[in-house]
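According to TrEMBL:
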type	residues	note
TRANSMEM	20-37	transmembrane segment
TRANSMEM	57-77	transmembrane segment
TRANSMEM	145-164	transmembrane segment
TRANSMEM	176-193	transmembrane segment
TRANSMEM	213-231	transmembrane segment
TRANSMEM	251-280	transmembrane segment
Amino acid sequence: MAEPDSVNEAKEKKKKLWKAVFAISGIMLTLVIYGLLQEKIMRVPYGLKKEYFKHSLFLVFCNRLTTSAVSAAALLASKKVLDPVAPVYKYCLISVTNILTTTCQYEALKYVSFPVQTLAKCAKMIPVMVWGTLIMQKKYRGFDYLVAFLVTLGCSVFILFPAGDDISPYNKGRENTVWGVSLMVGYLGFDGFTSTFQDKLFKGYNMEIHNQIFYTTICSSILSFTGLILQGHLLPAVDFVSRHRDCLFDIALLSTVATASQFFISYTIRTFGALTFAAIMTTRQVS
């Protein structure tokens, strides 16, 4: 009887390995393409007059709207539950903390250099472990924290070594500002909470990936749309893309990649947990 069990165990390990390869390669590929497209849209001028697209919140709105539409279509096509499995406020909480994560990340660049921010991102695993203990009552051993610390240290040294004197290329010492450090702490805290709470919803309600994606991105769409209205940026953004069709194409492509990226992220968290996702994102910083 032991032989069939060992065969089944080997098959399960192989299956899990291929799932890991699928998740890691999907995250790496989509996020690289996403970064390149985002940089092109925000930094490359459009048209004969060399106009720059300045409405980053409009990109967030388009990304989230596209993702929610695709996830809704996937749920309907598979005849799965479109109704919320968990209370709606829990989906919204993920959406809000995700937006706060992005806000802290962009605002921090005003006070700390990009290499320093990248170094801080190497500490993703530790906040996830702390939130896992608080939210999901997980118990981590001292060895687990040691491994997280060593991974963080290794990635930091790898990034810091080639950076050399370019840690703060624009303003020496600005990375020591209290506000900049506070924003990076906020980024790590909100980011860790978001992935951990996603993990909790997946496990606590046994929900489908697209169910969670749909409701969190719907909340994000409403919040970003409200922000565009309040800031008066919606009409200028629409006017810009109507005059520059190549920009509209780039945004559509960006939204498509963002949707694929969100699927891979949610798939990884649901299949392997928030800590594994944090480990993947930490090691990604060295690429």
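A Cβ is built for glycine as well, from the same backbone N, Cα and C atoms used for every other residue.
Since this is a predicted model, take the numbers as computed values, not measurements.
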For the transmembrane segment (213-231), name the stretch out of 20-37, 57-77, 176-193, 251-280 with the most CB-CB pairs under 8 Å. 57-77
The answer for the transmembrane segment (57-77), taking Cβ pairs under 8 Å and residues 6+ beyond its ends, is 38, 41, 99, 102, 208, 210-211, 213-214, 217-218, 220-221, 224-225, 227-228, 231, 233-234, 237, 251-252, 254-256, 258-259, 262
